[in-house]
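Read the structure below first, then the notes.
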Amino acid sequence: MSWLFGIKGPKGEGTGPPLPLPPAQPGAESGGDRGAGDRPSPKDKWSNFDPTGLERAAKAARELEHSRHAKEALNLAQMQEQTLQLEQQSKLKEYEAAVEQLKSEQIRVQAEERRKTLNEETRQHQARAQYQDKLARQRYEDQLKQQQLLNEENLRKQEESVQKQEAIRRATVEREMELRHKNEMLRVEAEARARAKADRENADIIREQIRLKAAEHRQTILESIRTAGTLFGEGFRAFVTDWDKVTATVAGLTLLAVGVYSAKNATSVAGRYIEARLGKPSLVRETSRISVLEALRHPIQVSRRLVSRPQDALEGVILSPSLEARVRDIAIATRNTKKNKSLYRNVLMYGPPGTGKTLFAKKLALHSGMDYAIMTGGDVAPMGREGVTAMHKVFDWASTSRRGLLLFVDEADAFLRKRATEKISEDLRATLNAFLHRTGQHSNKFMLVLASNQPEQFDWAINDRIDEMVCFALPQREERERLVRMYFDKYVLKPATEGKQRLKVAQFDYGKKCSEVAQLTAGMSGREIAQLAVAWQAMAYSSEDGVLTEAMMDARVQDAVQQHQQKMQWLKVERPDSEASKPPHPSLLSC
């Protein structure tokens, strides 16, 4: 049964590292120091031993040895022994791991403490450096302050020194000038006394010299007079006695006077004639009258105008049927008046802006075979005193036309205002009087056509000189459609089909679109519709492909309508508050 106690077990099985010895008991050291007399004797040691346990163990070993499960029991004992050894080894490993962990923790703590120590040392170094820098800055600032105070003190001392030196210099100069003045006064006084003394002493000599000079001067003058009289007398006597010389002299003086007077008046007359025939008055902005300078500059255009036939008065002018019939009668009457060399009638055309007044005046002149001249009423007031002369020049120039002249005054209400109620300057009043004087009677040389947006502001004398009043109202739906079609053809279709211009029109119903535009542009004038067509052309040119689409036309129409509404709002705001509830004047909207 020796295997049960591990005495005869196989080597290498279940053996592990030796277990650590238990720590010595506190009393072991003291027990080792006891004397030999204190040790118990062998007899006493085994006197209390009970062998019963050993007997039972030996008996159990013999039974187990003879048992058939002896080998399993041995293996079980060995496995238990190995398990215990493994447990001891794992505990040992845990102990070693704990020791290593404790060492690593100690290292980490030491590193943390060292890091904290380094951080604290760094912070202390930084604080010390900042404090030293602060002290250095304070020392530097103190040095600067001390240096500034020292500089200020030196500057103050220098200024005081300069002031003292300046005061000393000024005092020195004043003293020097005072002494010089005293010396000068003494010198002048001495010279005056010496001169007076010399004059008193030489008074008789001076009087004698003056008397001799006067006598000599008188004698010289008398001799000169006698000599000149003798010469002139002899010459006049010789001239009078010779009648041929007298006659020639009188004739020469007469011819000289006549020549000077004739040259002066001839130059003035020639200048006025050249100005009236060749030039153009300053008030005339545009004219179809041909001048010599224009013929020299543009001979081909002038020749075409000379051979051109009279045009239709309403070509390119779209009006309502009633207004068209009336203005056609005026055009026919004007043409027949020119043929019969009768007196022209004065016409007033009033209505909103952009309704075709200026265009009809030009067409009327071309239809009648007359020249036209356009002047603006706003150009008269700035001329001041020259306005009267300029107005007479205009009518003198108009009277020299061989074909007859249609004088169109645009914005005539700018200077033909009421003299009784309106506050106008004296120069403008004189210009108005000159205009009334030149238009007091009808003429067979020129026809006066006035255009105004506010005819109620005319002076009563102007109304008395008007023979025919024509109201140009805003176009209605039919006229607007005709205008839209005409300008669409002029500014869009013709540029798209003629030439090499970068303009194309998308495929849509042009007639239907023109009707829609005419419906949307209610209240707009012919000029606004023309501007709308020009805007279509500009939008097509500004597009990437140069194509005018229906959407682009609609966008421009909406913009034009909004702008027209904004203009109407401005027109309402411009009126006085007392007239805010009243509708606008008929001349601003319709007739």
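Along the chain as shown, the residues are counted starting at 1.
Placed from the backbone N, Cα and C atoms, the Cβ positions cover glycine too.
Of all ranges given (225-240, 289-304, 545-560), Swiss-Prot attaches the label region 'S100B-binding' to 289-304.
When the modified residues LYS490, LYS494, LYS512 are compared by the number of other C-beta atoms lying within 10 angstroms of their own C-beta, LYS512 comes out lowest. For the recorded site, LYS494 (N6-acetyllysine), the DSSP three-state label reads helix. The two recorded residues, LYS512 (N6-acetyllysine) and LYS490 (N6-acetyllysine), show a Cα separation of 17 Å.
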